[in-house]
Amino acid sequence: MEEEGLLLASPSSSSPSLLSGISNVSTRPFVLAFTVCSCGAFVSGCISGYSAPTQSGIMKDLNLSVADYSLFGSILTVGIILGALICGKLTDLVGRINTMWIINVFFISGWFSIAFAKISNRSLFYPLFFNPKVIWMLDMGRLLHGIGIGISAYLGPIYMTEITPRNLRGAVSSCSQLFAIVGSSLFYALGTVVGWRDLAILGVIPFLVIIPLLFFIPESPRWLAKVGREKEVKAVLLSLRGAESDISYEAQEILDYTEHVKQQEDGDSGFFKLFQRKYAFSLTIGVALIALPELGGHSGYSYYTDSIFTRTGVSSDFGFITTSLVQMLGGVLGTMLVDVSGRRSLLLENRWWERGTSILALISVLVYFASYGLAMSSIPWIVASEIYPVDVKGAAGTVCNLAGSISSWLVAYSFNFLLQWSSTGTFLMFATVTGLGFVFIAKLVPETKGKSLEEIQSLFTDPLKNSTP
């Protein structure tokens, strides 16, 4: 109780008004940074939504079989796993902004590779898949997209949480990630009226906004402190918060905690430092929050909505448009509530609704996607980006990203087979996983709303504190 009193009395822990919080994020550098991250999430959504409406056009124009197109669709997941493997190390090594440049190269190259794919006698993946019909530029483009998504899934939330004031951190991160839903919905709609090559060219348009803005957005102050560029931390914070803002306490807190972390290093600064006992609690929380939505069936619902609605006699177009709308509405509501109700409360409400509706048909799917948009689409990554100290954040991001990507692939691959086995059994199994997730969140996940990143990370790495979350 004594420590809680000290925290409440500290300048960094006081609850600033919403108006002052908004004024702290209305500076030009912050708005530009938010725009870049939102456009990046939008691009990821466009990529995810590209394959569904273009399947018939690509197969007809390039004379592909179902197996050929399945390779094109599934190789995205391979790329995501590859991106997850390198995301943490890359962002720690070259910084958040330079990593954004690299991601954009992957995305732009991928779109052009798909747009200009031609029939070839030999596939790039011929030695592996023994299928000379597959168009190598088509597969390469999808693979590059997957790598870009694998990196950006980690980078976007990390960067936004590191530059946003504590009282708006959840809302800003959620709002940024909401654009992924918008991108997916837009490309599905456009794909019904635009050819697949033209749709790929349209995918390049967001980069006309992103590329110029990358020259004007600041590096993360916490990454600057981590790599020893202390003199730049205050300057960056002033640009993000405004010249009239008092950033002395925030800057000192970042520098002091970074120094504290460096002093605690015992000579092991590699990847496996993450698996020390003091990080066990935070690693468990991060991996579980990222993997549970996927193991609860999200990839199956997302990728095979058409199959689900077909079984219920509902038009797939109507179903997709409706689910997109309710997911966006859920995302907007979640953005409004995440810094009011808190991360933990929304996660619990979300898991309850998912558990209660997993075995129903049309209404169940709509409620599922609404609840997913409300919390699970963004909050797991918000929490994961908040709880790790700078010395293990890259390694933790890699592990969490891999856990989510592999879980997503397992569900996406097995979903149709499970439906053939038993529809009721499939959804009961997903409902059970979701129910276990509810218990996990209720018992183990603490609230991070209103705390600075340094306070949160101290809470998770102090065994006396995290024993009673």
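Using the three backbone atoms N, Cα and C, a Cβ is placed for every residue, glycine included.
The domain 'Major facilitator superfamily (MFS) profile' annotation in TrEMBL covers 33-449.
Residues or ranges marked as transmembrane segment by TrEMBL: 30-50 (among others).
Distant neighbours of the transmembrane segment (70-88): 47, 51, 55, 58, 64, 125, 129, 131, 134, 138-139, 142-155, 393-399, 401-402, 404-406, 408-409, 412-413; these residues of the same chain sit at least 6 beyond its ends, with a Cβ under 8 Å from one of its Cβ atoms. Summarising the annotation, TrEMBL assigns transmembrane segment to 70-88 (among others).
Per TrEMBL, transmembrane segment is recorded for 100-120 (among others).
What TrEMBL records for 140-159 (among others) is transmembrane segment.
Taken from TrEMBL, the feature transmembrane segment covers 171-193 (among others).
Using a Cβ-Cβ cut-off under 8 Å and counting only residues 6 or more beyond its ends in the same chain, the transmembrane segment (199-217) has close neighbours at 28-29, 32-33, 35-36, 39-40, 42-43, 46-47, 50, 53-54, 97, 100-101, 104, 107-108, 111-112, 114-115, 141, 187, 190-191. Summarising the annotation, TrEMBL assigns transmembrane segment to 199-217 (among others).
Long-range neighbours of the transmembrane segment (279-298) within the same chain, counting only residues 6 or more positions beyond its ends whose Cβ lies under 8 Å from a Cβ of the stretch, are 273, 347, 354, 358, 372, 376, 379-381, 383-384, 387-388, 392, 396, 399-401, 403-404, 407-408, 410-411, 415, 426-427, 430, 433-434, 436-437, 440-441, 444-445, 457, 460-461, 463, 466. The transmembrane segment feature in TrEMBL is assigned to 279-298 (among others).
Positions annotated as transmembrane segment by TrEMBL: 318-338 (among others).
For 359-383 (among others), the entry in TrEMBL reads transmembrane segment.
Residues or ranges marked as transmembrane segment in TrEMBL: 427-445 (among others).
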Q. Are the transmembrane segment (140-159) and the transmembrane segment (427-445) close, by which I mean at least 3 Cβ pairs under 8 Å that are 6+ residues apart in sequence?
A. no
Q: Kindly state the mean pLDDT of the domain 'Major facilitator superfamily (MFS) profile' (33-449) in the predicted structure.
A: 81
Q | When counting Cβ pairs under 8 Å to the transmembrane segment (171-193), the leader among 30-50, 100-120, 427-445 | A | 30-50
